[in-house]
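To keep things clear, I will list the structure first and then write my remarks on it.
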Amino acid sequence: MDILNKLLLKDLQEIAKVMEIEIGVGQKKDELKRIISNSLEENNTELAYGTLDTAPEGFGFLKETTLGKNIYMSASQIKRFKLRRGDQVLGEVRKPIGEEKNYAIRRVLKANDNDLAALESRVPYEELIPTYPTEQFVLGIEQGNISGRILDLISPIGKGQRALIIAPPKAGKTTFISSIANALIEGQKDSEVWILLIDERPEEVTDIKENVEGATVFASTFDDDPKNHIKVTEEIIEKAKMKVEDGENVVILLDSLTRLARAYNIVMPSSGKLLSGGIDPTALYHPKNFFGAARNIKDGGSLTIIATILVDTGSKMDEVIYEEFKSTGNCDIYLDRQLAEFRIFPAIDITKSGTRKEELLLNKNQIDDIWNLRRLLNDYDNKVSATSALIKAIKTTRNNDELLAQLPKVLYK
């Protein structure tokens, strides 16, 4: 009854229809719950909810279920309803018969909170039409959000952006990711924010969970098996794609692409070829597939991925991974070790950071003012002076519109 209690009246009506239960016109929610419950009892079945995991042979299992057990799903059911790995499935479930070991789905009732007709008509993610981002995430809503305001000026991020945060060690990337996540949650109520932490320290996972309220945090820490890093990542990207297929907007902040590529390099079977640094070329395919999934869908939803990638670690492998990814994003945000050593935070290198096709995210007046700002910042002797001047200007103005209106005076106060 717990599942029935959480369902809306229209959901109960749809379930009754799929279960071939005759119901009268205008029946109330409590009556429908009782009728469905009686039908389940007569059939010796029950309702269960879980996440579909498919096998190469075509069949699958619902995992992380409300029953606490894996539930078998036949290949014919998966094919009929065009179900895929990661789908959240609600079904009528029967107990094992004879020598069977698992509970099994008798009927599929709903998936991803949609009715069955919507499932059968959905367009696969890969067939949706990608376009350049045209709707900006405004991150600098609050005066004190320096990171968000700098990004809005220097590297604006839009729905469907594929952004790389190029980060050397000790440049404050974890704090930077937290500030972006908080800004997204504060200003973008129509987008889900997910944080994916791969091969991170457990205490950093705890820190982000405590400091970012409203985001869903997924993590596989450095003491987990690399196979778990991959499992978590692949489940997350499939869930995100399904939400975008339904017209929703999802933002994934990944820390980091480098460690994800390292995990694939350990787990993937060797191709017999090695790039410089000891990385197998085939190990880069899956992380690229993950990062490349970010896109803005024409007349639909969007998947935005903001991912860190490590540089200047002293590892040749990390250098090769960066070289493979550096031309794949459409927004580059460079963090700088020198700025961090001078205790200038956020340590964003404003001379190197930028967004491709930023004119699609900003209006004509904003573009002209921001390009003027860039020219003024380039007049400084070095990036330390330029970044310090911009941060000071941000602190003395209420918002970016006010800052741009006071150029060039505000930079030389």
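Each Cβ is built from the backbone N, Cα and C atoms, and glycine gets one as well.
Annotated features, as they stand in Swiss-Prot:
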{"type": "DOMAIN", "residues": "45-115", "note": "domain 'Rho RNA-BD'"}
{"type": "BINDING", "residues": "GLY158, LYS159, GLY160, GLN161, ARG162, ALA163, LYS170, ALA171, GLY172, LYS173, THR174, THR175, ARG201", "note": "ATP binding site"}
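According to DSSP, GLY158 (ATP binding site) sits within a strand segment. Within 10 Å of the C-beta of GLY172 (ATP binding site) there are 22 other C-beta atoms, taking all protein chains into account. The Cβ neighbour count for LYS170 (ATP binding site), using a 10 Å radius and every protein chain shown, is 11. The predicted model assigns the domain 'Rho RNA-BD' (45-115) a mean pLDDT of 88. For the domain 'Rho RNA-BD' (45-115), the DSSP-based tally of helix, strand and coil residues reads 6 helix, 34 strand, 31 coil.
Each of the binding-site residues ARG162, ARG201 was scored by the number of other CB atoms within 10 A of its CB, and the lowest score belongs to ARG201. Whole-number maximum of the Cα to Cα distances across the ATP-binding residues GLY158, LYS159, GLY160, GLN161, ARG162, ALA163, LYS170, ALA171, GLY172, LYS173, THR174, THR175, ARG201: 30 angstrom. There are 25 other Cβ atoms within 10 Å of the Cβ belonging to GLY160 (ATP binding site). Its own atom aside, the Cβ of THR174 (ATP binding site) has 18 Cβ atoms within 10 angstroms in the protein chains shown. A helical conformation is recorded for THR174 (ATP binding site) in the three-state DSSP classification.
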